[in-house]
């Protein structure tokens, strides 16, 4: 759908067509069932983690405060993209308005950016807990925790708003088919009929700050953690210290690995099925795996979840 512009001879795109994961209509029901299942598992798993943290006083610590925030982010991240995709599959309508596309892009980058900083805060928490145990309660007070979350939201909001506003400066005059199942920057750059060089440089520069800085801080934290763990004499003590870091490191590798591949690229590249695969990791698989990773490797979370389950069973 095109709308004529009064000031120029060009036409502006009023809506985009999301091509989705597969273009064969016969496969749409299969994709719908798989992603509906993934969505329900992700939302259920993350809300279960959040309920366990809120219900169990033993988990009212800084580490689980950040984990609870991460669970809420995972629910938000998958909710920005998957329900809209399910709606398109159900209605067989793949059109999304220009404003809705920008809104989806803004919230996706807001939540993904928040993930970057929150994972960094969790690494800092592990550093203080293992390397500075005597001053841990002072350096990781409730005030500090809230400040870290507030600053993370502010930085993520600034990043998302900057990209969204920069995108509005581009002209879209056709074609309007997005080779993806949600609106994202690399795919929209391909559709612009004006130069995207500045936008791509902005994406790379902010991506370096949003990803590079947290990665450096996380690596630095874990270098100190590793050094501290090696000084622990008892094998049981080393195992306990490492167990609290293993889950976080697994999530970090999954999150940053796909993020770097998707955004830290200069120059226009044709959108491909690889981008769709990375998109699935970013929006579906990572949020779905996070509660499994933290619950399977954490006996405290397992105990809290089991207590909640047994409490509900006793009421039936």
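Cβ coordinates are placed from backbone N, Cα and C, and glycine is handled just like the others.
Summarising the annotation, TrEMBL assigns transmembrane segment to 27-54 (among others).
Residues annotated as domain 'G-protein coupled receptors family 1 profile' in TrEMBL: 45-294. For the domain 'G-protein coupled receptors family 1 profile' (45-294), the predicted model reports an average pLDDT of 87.
Look at TrEMBL and you will find 66-86 (among others) tagged as transmembrane segment. Same-chain neighbours of the transmembrane segment (66-86): 18, 20, 32, 35-36, 38-39, 42-43, 46-47, 49-50, 53-54, 96, 104, 107-108, 111-112, 114-115, 118-119, 121-122, 125, 145, 149, 181-182, 251, 279, 282-284, 286-288, 290-291, 294, counting only residues six or more beyond its ends whose CB sits under 8 Å from a CB of the stretch.
Taken from TrEMBL, the feature transmembrane segment covers 106-127 (among others). Here the transmembrane segment (106-127) has long-range neighbours at 62-63, 66-67, 69-70, 73, 76-77, 80-81, 140, 148-149, 151-153, 155-157, 159-161, 163-164, 182-185, 210-211, 214, 217-218, 221-222, 224-225, 244-245, 248, 251-252, 255, 259, 282-283, meaning same-chain residues at least 6 beyond its ends whose C-beta is under 8 angstroms from one of its own.
Per TrEMBL, transmembrane segment is recorded for 148-172 (among others).
Per TrEMBL, the feature transmembrane segment maps to 201-230 (among others).
Look at TrEMBL and you will find 242-264 (among others) tagged as transmembrane segment.
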